[in-house]
Amino acid sequence: MKFSMPSWGVVFYALLVCLLPFLSKAGVQADDVDSYGTVIGIDLGTTYSCVGVMKGGRVEILANDQGSRITPSYVAFTEDERLVGDAAKNQAANNPFNTIFDIKRLIGLKYKDESVQRDIKHFPYKVKNKDGKPVVVVETKGEKKTYTPEEISAMILTKMKDIAQDYLGKKVTHAVVTVPAYFNDAQRQATKDAGIIAGLNVLRIVNEPTAAAIAYGLDHTDDEKQIVVYDLGGGTFDVSLLSIESGVFEVLATAGDTHLGGEDFDYRVIKHFVKQYNKKHDVDITKNAKTIGKLKREVEKAKRTLSSQMSTRIEIESFFDGEDFSETLTRAKFEELNIDLFKRTLKPVEQVLKDSGVKKEDVHDIVLVGGSTRIPKVQELLEKFFDGKKASKGINPDEAVAYGAAVQAGVLSGEDGVEDIVLLDVNPLTLGIETTGGVMTKLINRNTNIPTKKSQIFSTAVDNQSTVLIQVFEGERTMSKDNNLLGKFELKGIPPAPRGVPQIEVTFELDANGILRVTAHDKGTGKSETITITNDKGRLSKDEIERMVEEAERFAEEDALIRETIEAKNSLENYAHSLRNQVADKSGLGGKISADDKEALNDAVTETLEWLEANSVSATKEDFEEKKEALSAIAYPITSKIYEGGEGGDESNDGGFYADDDEAPFHDEL
């Protein structure tokens, strides 16, 4: 499929103009700002959450009722009450089946997703399938209840809202919430739904590394800088490469693994000690949720200690069957158990550099975000990758994301001091539709700044086609069948016309939250249909996103050949149809050639189309090109006679016939 993309400079300028009304103080309507009140910024994390607010040009990260500025993303149900945060986590070991954590690993996903199935094996609480989606089952007040991941997340968001309301002394109704950069549309939609359940209007979903870059960039806005944000949290990992200059934050590329973080490191240690304990005592503690819960709590503490010490002792009284647990964990052993996971974090770093075309020596700063970046080995590997360049430690890795979210919240609510900030985020996967031959025609490329809008004209594939099917895909492969179907709809009522004549304008609108709206508009009749891709349309899981990018690289040569073959086929088919139509045009070419020449051309076109029908699947790119040359060899001498025969010597191809090197323009067919 041939289509042109605007230069990045034009895209950047257009997006800057597009974004300013949303992000500058002047662009927010006064009435809207008044109705917003104070907008808060929330980092809804896998293991911990954090909330901030901007007042008077300064960001405050708010402490909870325990005096801590980070709150565990835990929800627990007892016989009498529901607990959220520290209170829930503190009783987890004694109430493992009714204490919910890591809910971010389930939100927006399907029950049958591989990652969900892998995770629920390790959760002490029960997860069951309800209408294809995972729900948690708890027992409270003498009865069993089920909750969706959105509901559990809403309980955590409500806790963060309450912290802000206690600080502000007034009601809070609007928020900016962060998500991992590689969260897909379903996960983003589910996060917004959680906000609604919590009584919050989520004005903007912001990618976590982008939010962290805002926190970093406020003090570094003079000269242009390329920075890598390395965000390794409790359950997810993101890397983004950004350009910051004069308050403009442009995301150049993003990559990551939404299933890699501190909890995975903990699990390796837990697995090691469980195996050791079972062998030593000839028991099996794997099925005892309370025992594993106690070990999980202490292993997390030990991991934190090892960031500043070379070894630590783990002591647990009445660990199992009255026996105590006492083992030493060294930093060296912790690193040995997790070294492959640590090294795995470097692959997305390589990916963003490759995608953006930036060399690692041109990176000005590396910003560390997330508690897991405190692990010395992680810092060492990253420093080695960047040839000795040390990471910036000017911001608190636990609070940076909430800080950036609070700044963005301040922008949206018209706070002083943030008028000049412009945020240019990107979409993680290419978006397009299926066209003739099963090819995915791209409309919005991967790593395009959002919000963005892209339109392209398509046409019908057969004569008198009254309906076109618009199938929307995301992914990096040439053929749509190898990508992920997001949704489909039909545009009906197209008036009868030869193939290629109707003009169907397809428009993709991707908003600042990464949510997609697709419209098909028949320019002839004015009819249009629209679909918004929401969380029930089956967006991708994180593993599928990584697989698509890897497969796209692995099969790049194969994909290129397939695309070239289909283009050659389409070129031949359109050339033949264009020739037939113009021979039939009595006011044009058809009225200027002899009956014998007309018959010769029609016979050649008919033979070509019959050959196409018989060989379209098996023929190679070269076959299609040779067939087109053969048809052109018959057509060219006939059309040349027009100009040699006294038609005024006009070389403007009067009559509308297009020679081989001046092919009739045509739109991709639906």
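Heads up, the Cβ atoms here are built off N, Cα and C, so glycines get one too.
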Candidate ranges 275-278, 287-290, 307-310, 667-670 [criterion: Swiss-Prot lists as motif 'Prevents secretion from ER'] = 667-670
Looking at 323-351, 642-670, which one is region 'Disordered' according to Swiss-Prot?
-> 642-670
Who sits close to GLY45 (ATP binding site): which same-chain residues at least 6 apart have their Cβ under 8 Å from its Cβ?
-> SER73, LYS104, GLY233, GLY234, GLY235, VAL401
ASN464 (N-linked glycosylation site) and ARG304 (ATP binding site), distance between Cα atoms, whole Å = 69
Per DSSP, how many helix, strand and coil residues does the region 'Substrate-binding (SBD)' (407-507) have?
-> 12 helix, 46 strand, 43 coil
Which site among SER307, THR373, ASN464 has the most other CB atoms no more than 10 Å from its CB, taking these as recorded positions?
-> THR373
At the Cα level, what's the spacing in Å between ASN464 (N-linked glycosylation site) and SER307 (ATP binding site), rounded?
-> 70
Relative to the Cβ position of ARG304 (ATP binding site), how many further Cβ atoms are located within 10 Å?
-> 15
Give the helix, strand or coil assignment DSSP yields for TYR48 (ATP binding site).
-> strand
Looking only at DSSP and grouping its letters into three states, which state does GLY235 (ATP binding site) belong to?
-> coil
Cβ neighbour count (within 10 Å, all chains shown) around TYR48 (ATP binding site) | 23
